[in-house]
Amino acid sequence: MAPNSNNESKSSLLTELEENVKTDTFESPHPDPKEEEEEDTKEDETLKLSLRQMYIDTLQLDWSKVLWDMVFSLVVFHVIAFYGLYLCFTFQFKWQSGVFTFFYAYAGGLGITMGTHRLWTHRAFAAHWAVRVCLMCMNCIAFQESIYLWSQNHRVHHKWSDTDRDFTNSRRGFFFAHMGWKMYQTHPEVIKGRKMVDCSDLLGDPVVKFQHDYYYYVALPICFVIPTLLPMYFWNETFIVAFTLCTCARLAITFHSTWCINSVAHLYGYKPYDKSLYAFENKILGPFALGEGWHNYHHAFPRDYRASEIDGWGQNVTTKIIEFLNRFNLTTDLKTVSDEHIDRRTERTGDVELR
């Protein structure tokens with residue numbers, strides 16, 4: 001910070017941070033050791049301003065465009081999910097339910113990351129029909145719309161990222177990018193963008209077409225009925241625990257792990273590959289989102305099946321599973337970007353020191 005008067009420094013810092021909040025251009029903090037204390041103070045101010053901006057966004061909201069039925073549904077759902085988490089943290093469940101909830105949530109997450117995202121949206125690899133069927137069912141566990149609709153939205157998101165044509169436009173604030181978009185009327189530009197992207201390849205896959213045509217007949221039982229009845233039948237779990245924990249809390253965790261990519265990974269982190277993108281590498285989201293948190297790389301090279309240069313089961317489990325299945329020819333045509341191309345792109349648009 002400039003060694004001027006305290007009021008002048010604070011005013012300058014607040015002005016700079018407010019501009020960053022408006023444009024969502026936070027850069028990764030890589031402080032010199034002598035400046036660590038100043039950077040910590042700046043991060044605290046950033047958090048305060050982010051919360052302040054969320055409050056301002058709420059005041060400036062066009063309430064006539066709020067989808068109140070969706071607001072009500074999400075509020076009720078989260079109340080039930082929080083009660084399920086309460087039962088979890090107070091150990092009011094059978095251990096089998098805990099194990100089942102973890103693996104069912106994990107399967108739902110992979111249905112999005114490996115299936116809907118890397119396989120179908122980006123065509124980053126090809127998969128055997130049996131793998132595609134499994135991933136389709138796992139997509140239903142996550143209950144985030146059909147593969148076709150999810151992929152269509154995501155292709156629009158990549159083509160016009162963080163503009164009015166992006167359904168999770170992070171320039172409209174953290175809350176909107178995270179989950180507010182579900183409770184607000186879709187921007188006309190988003191609808192226009194959906195008509196402009198080619199998704200004919202998706203419906204050319206019989207697995208995708210079947211799920212899209214019969215989505216609720218397939219997804220509702222897999223997402224809600226099975227995780228509620230199975231624990232009750234096989235190990236005599238109570239209905240309350242099975243429904244609130246194994247079903248609702250599990251689904252809420254899957255929702256928010258996906259939504260964090262739209263919000264956190266488009267606002268916070270560092271940008272080694274392309275500084276012009278509103279997409280960041282985020283070390284926390286990397287493992288939490290099953291390898292999807294390395295977002296600056298992904299937006300720079302969207303068709304790379306790895307979605308990151310970072311390897312390992314802990315940091316990028318989706319990639320490791322794709323590679324494991326490739327040994328048995330269950331996944332094929334794995335698309336990658338050469339190291340030379342990554343080097344050139346980083347030198348041209350990124351920051352080599354952050355890589």
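Glycine is treated like the rest: Cβ placed from N, Cα and C.
No curator has checked TrEMBL annotations; they are predicted automatically.
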Which range of 101-120, 141-160 is transmembrane segment, per TrEMBL: 101-120
Pop the mean pLDDT for the domain 'Fatty acid desaturase' (95-303) in here, whole number is fine. 97
